[in-house]
Amino acid sequence: MANDASINIWSTLIIISIAQGLFTMTIMVMKQKRSGSLWLFLSMILFLIWLQLEFLAIRWPYDVGVSIFYGTRYGSWLLLGPLFYWLVRATVNQHSLSRKDLIHAIPFLIFTLIIPNVTGDILSYRQVHYGMLTVFDQYNKEISTWQYVYSYLFVFQFIHFIAYLIVSNRLLSRHEESLKNQYSGHVIHDTKWLKRLSIYLMIVMAFVALFLLIFFFTEIYRRHMDYLYVLPMAVLMYIIAYRMADVKQVTTRASNGVAKYEKSSLDPSDAKKYAEQLERFMQNEQPYLINELRLQDLAESIGIPPHHLSQVINHNLKTTFFDYVNRYRVTRAKQLIASESDFKSLLGIAFDSGFNNKTSFVNAFKKHEGVTPSAFRKQIEVALN
């Protein structure tokens, strides 16, 4: 039977997930500053709600009456990739959508909106009632070109989404590297959250891949197999709702980290002088103890133009501002660990060394010393005994 009207525990979880998504959207609209990134994020949540409603509608004996509502059959996931990519661009570049950006939505417009409305009912009975992949099983004898096209499109839309996730991840990684040249601490939360979100979405796609592999290797398809990728989407909705309570809006835009030095007027001799001046200032004034020290702040304190200071750190010292400052903090932390006779907590030492959280402290310590702070403390204890 094509439809299963019963409401089981899994369907109940999806219904609750949909309600959670609507509640999250309401809270975000009420409490967060209106921006392009907010509307794009809301669009993504709405899209996920649409996919879950479609899943439920297919299993219930009620026909919505609008074929486009069952968008996954027609490649609706072709929009999810561009939505996430636009969200990432809006976040890292404070970039608003332009007409040029709409090029990314062309496949969705053509295959999901235009062709189905122009051609009418182009899918077979088995595609509609037993799944798009039934075109590839042994029971289909007469299959039209459009039915083949949309069955292949059903698979391609997921590949298309993965490609956009990869491109978006690279953009986020470049943005993080650029931020390291301007900030000494992890003060931007949206970038980290978007990277986590992309990982969650990749996990959803892993379940989609499992779903497709099971079919193509066994040629067995049952409606309940769709739960393989729909339930992870429901879990994703819960994660989004939980995480949005702690996510801050973007207030910082990273600058171009490479091209800005190409036309620099900084003389090599001046660069060497600035490097020495910087080292003296760091050792004598200890600005690294300020846990949210910015490149701009340090440049003003020393009296060096910010772009010249950035060039000195990147090109002369061969590091980023983030790693440069954290190297001093780690050195300070080592001194405190070795000298604290009352064994002050590692968190307290982290704060006293200029770090603003334990995670940043542990990651920086391990990067520069090759061991965690706790392991380093144990080494000190062994040496003293």
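The backbone N, Cα and C atoms fix where each Cβ goes, and this holds for glycine too.
TrEMBL lists 6-27 (among others) with the feature transmembrane segment. Using a Cβ-Cβ cut-off under 8 Å and counting only residues 6 or more beyond its ends in the same chain, the transmembrane segment (6-27) has close neighbours at 42, 45-46, 48-49, 52-53, 55-56, 59, 227, 230-231, 233-235, 237-238, 240-241, 244.
Residues annotated as transmembrane segment in TrEMBL: 39-62 (among others).
According to TrEMBL, the transmembrane segment annotation covers 74-92 (among others). Counting residues 6+ beyond its ends, the transmembrane segment (74-92) has Cβ neighbours under 8 Å at 35-37, 40-41, 43-44, 47, 50-51, 67-68, 101, 104-105, 107-108, 111-112, 115-116, 150, 153-154, 156-158, 160-161, 163-165, 167-168, 171-172, 175, 190-191, 194, 197-198, 201, 250, 253-254 in the same chain.
Sequence annotations record features per position, and here TrEMBL assigns transmembrane segment to 104-125 (among others).
The feature transmembrane segment is assigned by TrEMBL to 145-167 (among others).
Marked as transmembrane segment by TrEMBL: 199-221 (among others).
Here TrEMBL flags 227-245 (among others) as transmembrane segment.
According to TrEMBL, the feature domain 'HTH araC/xylS-type' maps to 276-379. Across the domain 'HTH araC/xylS-type' (276-379), DSSP classifies residues as 77 helix, 1 strand, 26 coil.
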